[in-house]
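A.B. asks: Just passing along the structure, written as structure tokens.
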Amino acid sequence: MSTPVSLDTIPLAPKVLLHDHLDGGLRPQTVIDLARAAGYDQLPSERADELGEWFIASADSGSLERYLETFSHTVAVMQTHEALVRVAAECVEDLAADGVVYAEVRYAPELFQERGLTLDEIVCAVQDGFREGERRAAEVGKSIRIGTLLCAMRQNARSAEIAELAVRYRDVEVVGFDIAGPEAGFPPTRNLDAFEYLRQQNAHFTVHAGEAFGLPSIWEALQHCGTERLGHGVRIVDDIKVDDNGGVQLGRLASYVRDRRIPLEMCPSSNLQTGAAPSIAEHPVGLLADLRFRVTVNTDNRLMSHCSLSSEFAVLHETFGYGWTDLQWFTVNAMKSSFLGFDERLEIINNLIKPGYASLIG
Ligand SMILES: [Zn+2]
């Protein structure tokens, strides 16, 4: 007998997450504890429930200033080795509790140097935390593996240095590189050296593109930078025409993205908060999934969006009527699109994902 799909049962399904920011997923109580330890007195509240509400309300406010302020607090409390280990370990525990079996978690090392940590010390601390989190998850019977993506911030012009850092740690679960930060005024082509270097090194990378900014950003990320995946990529919908009779016409860029199976790291709740989509029902994820683009579903910032991968799946189930087969399709898409080796991807698909959904479908 099939298990009904609901917010209570979706955590039982094995899930794969490709787009999750470490500094966007802290527990409110951890923010408070770390702020106390660091002598940081700028938090808007010292109570975990109130602080959690404040993060969501600020991210929801429609003001970019307030949205960015949320990260000023999380980043401020992540400036020591101990803080980074704790945040990374708890991130893995939270994802494992949600039924995530493989995740690529990203962060920008250059943001955590305010108290003198070197880039290498930062990477080592986070890797230690991820391994600790995997151990704690295993102790409670959860299987999870974390790959790390190192981000460079578009506006800071340190992308070549961060790309080298990612390659230096590629053998210890740093699986790729990303470029994040404001799209407008900072086209990905400003960082061509980094992308050129990564390609020479046969390294993997994704690019935040087509979130707020339109098709040119997606085109540059693909055709100038050579990205393997698109972080968000929602605006690809601007290159798709749907007529009144439901006829669909893809432009050349949209066709390229679909034909080449370019993975879209879609983050529905986050897109609502930043105004990249007006509602879940109107979010391009529905159309793009219908058209069989390589759609993956992601959380982006679990603290600010008050979401988990299960809650994102639940919202899509409620809005578009997706069942276990669809949720499995998103999950297999994500695993196929991960930066792990091909044999490792297949192993997770065959040994964890397929049997997991089969038991729910019944
Ligand atoms: Zn993101």
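Cβ from N, Cα, C; glycine included.
Source: prediction; values computed, not measured.
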A.B. asks: Can you match one of Asp120, Asp300, Asp326 to the Zn(2+) site that TrEMBL gives for His19, His21, His208?
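C.D. replies: Looking at Asp120, Asp300, Asp326, the one TrEMBL places in the Zn(2+) site next to His19, His21, His208 is Asp300.
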A.B. asks: Measure from each Cβ of the recorded positions Asp23, Gly181, Glu211, His232 to the atoms of ligand 1 and list the residues where some distance is under 6 Å.
C.D. replies: none
A.B. asks: Using Cβ-Cβ distances, find the residues under 8 Å from Gly181 (substrate binding site) that belong to the same chain and are at least 6 apart in sequence, listing them in sequence order.
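C.D. replies: Same-chain residues close to Gly181 (substrate binding site) (Cβ under 8 Å, separated by 6 or more) are Met153, Arg154, Gln155, Asn156, His208.
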A.B. asks: To the nearest whole angstrom, state the Cα distance for the pair Asp300 (Zn(2+) binding site) and Glu211 (active site, proton donor).
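C.D. replies: One finds 12 Å between the Cα atoms of these residues.
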A.B. asks: Hey, how far is Glu211 (active site, proton donor) from Asp23 (substrate binding site), Cα to Cα, in Å?
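C.D. replies: Per the Cα atoms, Glu211 (active site, proton donor) and Asp23 (substrate binding site) stand 19 Å apart.
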A.B. asks: Please state how far apart, in Å and to a whole number, the two most distant Cα atoms are among His21, Asp23, Gly181, the recorded substrate-binding residues.
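C.D. replies: About 13 Å separates the two most distant Cα atoms.
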A.B. asks: For Asp300 (Zn(2+) binding site), what is the tally of other C-beta atoms lying within 10 angstroms of its C-beta?
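C.D. replies: For Asp300 (Zn(2+) binding site), the 10 Å Cβ neighbour count is 27.
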A.B. asks: Among all protein chains shown, how many Cβ atoms are found within 10 Å of the Cβ of His19 (Zn(2+) binding site), not counting that one?
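C.D. replies: So the Cβ neighbour count for His19 (Zn(2+) binding site) comes to 29.
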